[in-house]
């Protein structure tokens, strides 16, 4: 329940029609400073992660294989869960209200689909992936990583805060298996050029050809499955896609 400060009345945070949480009660600024000293609980090592608390039906040999970094309001994460029911996907989001929304959204979807066990394969955690990614994933654990509409950090002095940079690319390569894929999408051409430049210069990545990218069944979903992507489509903005393979 959420209190309307103007009216003094208590409003439901969940729609009575869909049973899903309403985004207007979870609003937060578009981006968060990744360098700030946020307070996070994080595991000391991947072996300490309690995955069963996030995925109730997880098998003893199962591991998270997809990571949506900066998952926003979870639209694309939900799509991943629908497309790959046998894979475990995690959304990582730094903003507290936004991550709360995704967690509540997944809980509501699981409840609505209790008979089919749908959406048991997706989860969200609030964390700073720029700092704590290796604390969650073992070497070569991930098959796919997604960076969709990341903060462009337009000012030159803040380019070091961009989630794609040389130091972090080595961390991503560590948790990605050989042949694993990194999907990037932005509506900012300058950021797209930055991503392509940094990833093609890194010795552990190669860019997929247009033919390879277009043949990937995930590619069409990258454009508007996420809330940010859908907004770009509504505003008739540009999309800049680049997919890279871990060598």
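Keep in mind that glycine also has a Cβ here, set from the backbone N, Cα and C atoms.
According to its DSSP assignment, residue 151 (active site) is coil. The annotation active site is assigned in Swiss-Prot to 151.
If you look up Swiss-Prot, you'll see 70, 93, 94, 128, 129, 148, 226, 227, 228 marked as S-adenosyl-L-methionine binding site. Long-range Cβ contacts of residue 129 (S-adenosyl-L-methionine binding site) within its own chain (separation 6+, distance under 8 Å): 67, 69, 70, 92, 94, 163.
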Spatial separation of residue 151 (active site) from residue 226 (S-adenosyl-L-methionine binding site) - C-alpha basis, Å: 15
Rounded to the nearest Å - Cα separation of residue 151 (active site) and residue 228 (S-adenosyl-L-methionine binding site): 11
Per DSSP, three-state class assigned to residue 70 (S-adenosyl-L-methionine binding site): coil
